[in-house]
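As recorded in TrEMBL:
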| type | residues | note |
| --- | --- | --- |
| BINDING | LYS74 | ATP binding site |
| COMPBIAS | 432-455 | compositional bias 'Polar residues' |
| COMPBIAS | 488-513 | compositional bias 'Polar residues' |
| COMPBIAS | 520-537 | compositional bias 'Polar residues' |
| COMPBIAS | 548-562 | compositional bias 'Polar residues' |
| COMPBIAS | 593-608 | compositional bias 'Polar residues' |
| COMPBIAS | 618-635 | compositional bias 'Basic and acidic residues' |
| DOMAIN | 45-351 | domain 'Protein kinase' |
| REGION | 379-641 | region 'Disordered' |
Amino acid sequence: MSNNGSPAAPSKTEFNKYKIGKVKSTPAIQRDLKTNLTFIELKRVVRRRKLGQGTFGEVYKGIHLETQRQVAMKKIIVSVEKDLFPITAQREITILKRLNHKNIIKLIEMVYDHSPGTINSTSNNLHKSFYMILPYMVADLSGVLHNPRINLEMCDIKNMMLQIFEGLNYIHCAKFMHRDIKTANILIDHNGVLKLADFGLARLYYGCPPNLKYPGGAGSGAKYTSVVVTRWYRAPELVLGDKHYTTAVDVWGVGCVFAECFEKKPILQGKTDIDQGHVIFKLLGTPTEEDWAMAQHLPGAELTKTSYKSTIKERFGKYLTETGLDFLRQLLALDPYKRLTAMSAKHHPWFTEEPLPSVKITLPTEESHEADIKRYKEEMHQSLSQRVPTAPRGHTVEKGESPVLKPRVAIPRGPKKDDAIPIAPLRDISSRPPSSNSRDQHQNPRSYHSNNGYSKTVAPPSATPVGINRYGTNNIPRNNRFDGSHAGPNNNRNPINRFQPETNVNSKYTNTPLPLGPQSRYQGTSTDSRYKSSANDSRYHNPRYPNKSDTSFNKPVQNYSRQEPHVISRNYNPPNGPRNAGFNHHQDPRPPQTQFPVSSSQNQNQILNKPLDNKNGSLKDERAKPDDQRSHDNNDIADLY
Ligand SMILES: Nc1ncnc2c1ncn2[C@@H]1O[C@H](COP(=O)(O)OP(=O)(O)OP(=O)(O)O)[C@@H](O)[C@H]1O
């Protein structure tokens, strides 16, 4: 406070904390005297490096000026007029504060841009910004897969899958569902450590956490909105409108990510929500009653009247051995209760088959983010147009320099003196010219066979009954070394030993058969009987699965499509153009933003610093409770928490 009692203007030089873009002159980072929050004056910063375009904001690269650490700054835009804080950001902040794992992105802190506000060009409204400060990650998996200069070996893919399952298992054991697993939300740091990010759609689930004893995911004890997950990564139960889904929706997403590693593009690109169902069944075959009995009782059951045959072997058999295909099939099992869990997936024999997972993935030091995909495409196009044309018959073409993709960014840079995060000296990209040839090789399944002794002649695993989760303790052969109770043979040929996951957090859940709570969907251990459809089946007397005469299940297909307006089909084209070429159908699954008032500085402070309500493990913030504060455009929003 100044002498005359009015709040003093914040000092311009008091705190120099973050700057977007390269460090040049002294940035304007200050602290608000009233709230004690730090803020940066973005108007002064001219150069920004945009990493990604989110649905409701943008992600920038910045520098923490005190430590010189690179950070990512995820912008959250708050309309000054409405004075509302987006619910997805609220959720993400709350959940990230609770999580602490090597394979989950960390929230360093929140900063508030205290400048008078900026006018949004599209809405013409005055906006203010909050920033989530996250550790800077050199790449995301979407950028890596689209980068023609990066060729992932099978051992790297295995390593990445193990890391993804480590992170996902942690989230699931902490009783959260992520609900937006996709390649763009899997970040990679300079040490090759993968981090699951973007918890804007995540939520706490009800019921017991998963364990190895029971197949299927956890969390079926309540009704949730099925309008979650980016469409192309949406599990079939969501596509069919199931509201009692489980953590298995995340495992489906990982299955899509796994397959995307081979095709380098999302594998299930439905054009509409209904089409998504067709695309899924075209790959995996229309489920029979035996395959997925519950499908008949979901709102979108009409889709199961199609008769597609599975094409998974034709499509992915060229990349994967029988064991690998079995792994993919179990990640993409149509029935969520036959799908692997994050906990059991790590024990699949595919990880013990040659080539074993690499100890550490080494990627080029080039930054590869989702925002770079457009550039890669342009480069590819340019490279192809520069190719020496083939000579007409009987003629020769003089040999010129073969077109080579030249990276725009300085790639192999050694650690600088003031780099707090040393860039690891990784593979020398210059020795691997990313010619069109290498791209071809990239798509060639045989490239996975090179140098690593990987061969398709590896004996497939012995046949196991379909529909049983083979890696739960229930089903594991007695001498199975991957039962999760021990680390397996003590040598580094065993991937469980080679790959060193963080084990501390989940150990308490591993191998601890938890009592089935009242919410548990299936009681007892007889897997066969669970999937049998019979009039006496207790599921049909369960209010969650009303019998067929229930009108909601008898909806003709038109009715189902009429529900589509509930699905927010906002086009994925931000004001400054499509997010990335070829992603035009990349539908935003999020419901309209429910927002909370953040008018006073005190409220802002609450959002950023309020300790979580830990009672009963609840993450709900008090401000999230009163229903009347929410703008319910449809009932699904009420489900979001
Ligand atoms: N910590 C980080 N380091 C580097 N890049 C990041 C980081 N966080 C996010 N990004 C980049 O920004 C992109 C979008 O980030 P994020 O998914 O968190 O935002 P979002 O607004 O939730 O996006 P979406 O609407 O697609 O879910 C990511 O795909 C990634 O390329």
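Note: Cβ is positioned from N, Cα and C throughout, glycine not excepted.
Its own atom aside, the Cβ of the residue listed as 'ATP binding site' has 26 Cβ atoms within 10 angstroms in the protein chains shown. The domain 'Protein kinase' (45-351) scores a mean pLDDT of 89 in the predicted structure. The DSSP secondary structure for LYS74 (ATP binding site) is strand.
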